[in-house]
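Visitor: Pasting in a structure now, in structure tokens, and then I'll have a few things to ask.
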Amino acid sequence: MNVRAAAANVLYQVVDRGNSLSTALPEAQQSIRPRDHALLQEICYGALRYLPRLESIAGKLMDKPLKGKQRVFHHLILVGLYQLGHMRIPAHAAVGETVEGAQALKGPRLRGLINAVLRNYQREQQALDEFSVSHNAGKYVHPSWLLKILQDAYPEQWQTIVEANNNKAPMWLRVNHAHHDRDEYLQLLKNANIDSTLHSEAMDAIKLAAPCDVHSLPGFEQGWVSVQDAAAQLSFNYLQPKDGELILDCCAAPGGKTAHILERVSAREVVALDCDEQRLKRVTENLKRLNLQAKVICGDARNPEQWWQGEQFDRILLDAPCSATGVIRRHPDIKWLRRAEDITALAQLQSEIFDAMWAQLKPGGTLVYATCSITPMENVEQVKAFLARTPAAQLVGSERENPGRQILPGEEDMDGFYYAVLVKQA
């Protein structure tokens, strides 16, 4: 299929149908040549990143919106506008390929309209670009409800957060310590002419100067290295697992944190629990590539009686289901799929899982509560509420008035993440 047509289909699936980009994009990639996968990804990610600006420009250039069965052609116009405004593709190629996309989408009669809209944008680009950022939705390209949360929670930092969310994310690696230490792998990258730098805190993290195909990484197929953001790798630092312990990774998919534990310690057993059977397949695949073994269980963390084997855990990593507002730069569709009311519902779910997991922790054991969110309701407020109702919970490494550590997007080039460490008093 024409790449621009495929991109329009992805935008339609995400924006109009509410499907996630992580589902829609791989499906679309199956319809195009492998060499075009990166181009399709760049167009889809970029168009979703700057969606309100593109929508406002399209609205100015069209007499009436395309509706119903023609909605996919509306998204094709957005694809064309993104290429012209944000990519280095020659204008004639961007316009020509986008117009041809209408043919691939079985709308040849709309080719003239699409061509006219894109040509008019070229003629009036400066004025239209200025108009597209003249309102908050276009200036910050975040939904108003999320912008308000960020402004209230981070009055001095919200603009930095927004900027980080709108930037492309770097590619972080986690070196498998069972094969190489980080300095050794850094040298392997250097030998392969791959520029990279170390992280100051995450002991196995390396940041690439530019993203690359994983198969070009030394020893990827042999399990020497994995792709994982440095903020997620810090889960190991906070959990501090020891040899011989019984450890639970709750809400474990896709398995990066489970693997990190196994790469670093000889636990008696690591249990990887998740309620999504399809996502658990990723856990199994990742462990297989890394030649690691864990007990993988499909079950609801709120109902341990369905899967628990009767022995409490020494350590529990609770990477709770969350709004994922800390990883928007990696998943720009979150801005348009998430709703304000989702935060309240997720906080309730987190609370239920928190209580259920605490009962599975040994006296003297450690539970690390983690999210990839930056909303206080899911993080600081969640932990405060848990401490208030759980006398045996002792907070470690932070103050009760401001529990845990909130990593903001872009901090040391990391994703947004939250960690709180709790010990169960005997």
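In case you wondered, yes, glycine gets a Cβ from its N, Cα and C as well.
Note that the coordinates shown come from a computational prediction; the quantities given were computed from them, not determined experimentally.
For reference, Swiss-Prot lists these features for the protein:
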ACT_SITE  C372  active site, nucleophile
BINDING   C251, A252, A253, P254, G255, G256, K257, D274, D300, D319  S-adenosyl-L-methionine binding site
Visitor: Please report the Cα separation of C251 (S-adenosyl-L-methionine binding site) and the residue listed as 'active site, nucleophile' in Å, rounded to an integer.
Guide: 12
Visitor: Within 10 angstroms of the C-beta of K257 (S-adenosyl-L-methionine binding site), what count of other C-beta atoms is obtained when all protein chains are considered?
Guide: 25
Visitor: Would you identify the secondary structure of K257 (S-adenosyl-L-methionine binding site) according to DSSP, in three states?
Guide: helix
Visitor: Cα-Cα separation of A253 (S-adenosyl-L-methionine binding site) and C372 (active site, nucleophile), in Å?
Guide: 13
Visitor: Across all the protein chains here, work out how many other Cβ atoms are within 10 Å of the Cβ of A253 (S-adenosyl-L-methionine binding site).
Guide: 24
Visitor: What are the sequence-distant neighbours of D300 (S-adenosyl-L-methionine binding site), meaning same chain, six or more residues apart, C-beta distance under 8 angstroms?
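Guide: Listed in sequence order, they are C275, Q306, W307.
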